[in-house]
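One structure is given below, encoded as structure tokens.
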């Protein structure tokens, strides 16, 4: 770099005139001259200008007040000494104040100095420029975009560097720091403008950016900072997006989850920058598609569930477009729905109008049907038809089955049966409402899909039974002084349809009548004598007059002026649970005097109270149990209670106490055996066809080609009553149900011989239906064997497998077989002793022939003792017919 020579000396020049009134003093200095050297004596300067010297010595100098706002502020005048009053002398600073121009080499500072006379001095400080400013770019980085495919020699204007020096020293040229891209770009500097010239056509796909380093140099040789120019080649978007496939196909199950990804489509763009692809879904269908696509990733997701039964194929298109939307491409997409077993089979029932209930709360549920039939309906009567449908395709469900799953209460055979041939519902048996008047029947339909599905339909069967009176007999009391129209009493019959009941008196009488709608009995005529009126009242179902019930009514006519105590009922019935902790109250009897005022006190006593587990409160008639009751000992008590009024008149009423059963007895097997061998027909030789059944089994592990075979029957008893005494039988091992079935009557059938390994151990226990249910303490053990391979049970199985089981199950048998084991050990010991004695005998015979006979005899005696002891371990009796057992040795 060239460093200019700087001369800071002041140069004084004079004007041509004689400096009479105004005198110009021009002083030339270089900028950046030392401030301490910038002092001038005005008198000396004037003397150098003119020859007259005495005249200037007498002058007094002062600065012009008008110039203090400009250049005068940079000077200070002391007597005749004028000095520069600033920290530095910088031309560019005065240019900034518009006192001069940056382009000019010299900057003039003019100052007017006055004297006491009219003489004026014009002082001009002429500052000459030096190359003290380095060129600088205002920004170090710029980013420019030049579009690809432009014709060569395209110009792009760049920012210029800034240099405050005058034209003598300012910017001279611009150049690249590196010459890597000189064949592509060129810098053109003209008229104080800098342009980047592109020498050849740019291609973004070949190169997308260039990094240019530019430097400026002034005429004095000083260089600027580096300007980094980042040239980005703008994309022309000349290519279309391309999908990876010409078409997309996808299979999904109709059980595909919502919001899960079905597939991902992908497209690429060969353009340089506009590689962002926007995906969109195009459909010609009026109905909205159950799909959506992520516009950025191309991920197609399910928006709602698809149903094979509604639509099996969806066709639409996917458009991929650039972000600017100028170019795009379209690809077809096909999504096919695969059927799965997602629809349950549906059961439809069509009940005949005569048996259908339309105003019942249960039918608010679509799966519930209410049916009503008469109690006297005939067996086999069709009450409706049934239909099973499944919306799944035949490829998934090849067969549908329907069965009667349950029928509650299950005390008897279900009153309905399904006819699979005609798909009708029929009456299966004679109906009896005394047992049950309502049944809840569950129908179940199964399909053969994977996984198998089922559905149920509930049938509520109501039996329109004959009306039933709440009592077999009614007792009423009526004073003979009662007037016609007086109410005698009320009877009531229960029915599923009480509004259809009509009450009538069957017995002919002119004294009383009954209200046919509510059963109220009232007096028609006056009665003059005391007697008991016996009537028969009938309740009839008006819709079916074959359904009726009758009851006996006894009306006791009495004279209230002379009468005995009157009980509220001619008899009382109480129910009490057994095993209840005594004492406790079970009920109350009540009697009154026949007078209307009922002011006389009544005393109650038990007749034959010593034989009864009861006592009665003499004042209020409360019956109290004094001892614990046992239904299995006595299930009914029949006795009388006597009422007495002031020790004068008495009357009695009959009391019935029924002991209600509690589940306090466990089931007990009748047979006393604990195990037994059962032989069934040979598995290999059985070829009979399977029996038909309403419910067919479709398990592949079940052999349906062989007939069910009766195996055996078990029987247990329970002393309890009702459900408490009803016994069901179960297998202890759940695997047994795969081959055998046990019915509630105790019958055991073999229905599946497939994979049955005989001998098979079958253990059964009994359980009642009480609350809580009780289970038998013991169980019955069967060994099911093949009749053609009896040796497996009698020899091989019994000897090798059953001994261990018996030892664990029966302690008595354990002792028996342990005793046998000890006997075998004793026999082995005996044989060992005999051999030892014999060997010892031979040895003694050789050496001690004289003592051989005695020693041999002793050994024989010892052997006999051991044998006798061993035999006694096997048999507890040591004598036979009174003589000691012995063995020859």
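We count from 1, first residue shown onward.
From the backbone N, Cα and C atoms, a Cβ is placed for every residue, glycine too.
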TrEMBL annotation (transmembrane segment) - matching range among 816-843, 844-871: 816-843
In contact by Cβ distance (the domain 'Cadherin' (244-347), the domain 'Cadherin' (568-669); 3 or more pairs under 8 Å): no
Helix, strand and coil totals (DSSP H, G, I; E, B; other) for the domain 'Cadherin' (568-669): 3 helix, 50 strand, 49 coil
Helix, strand and coil counts within the domain 'Cadherin' (365-463) (DSSP): 0 helix, 52 strand, 47 coil
Structural state census, the domain 'Cadherin' (470-567) (DSSP three-state): 3 helix, 48 strand, 47 coil
Tally of residues which DSSP labels helix, strand or coil - the domain 'Cadherin' (138-243): 0 helix, 52 strand, 54 coil
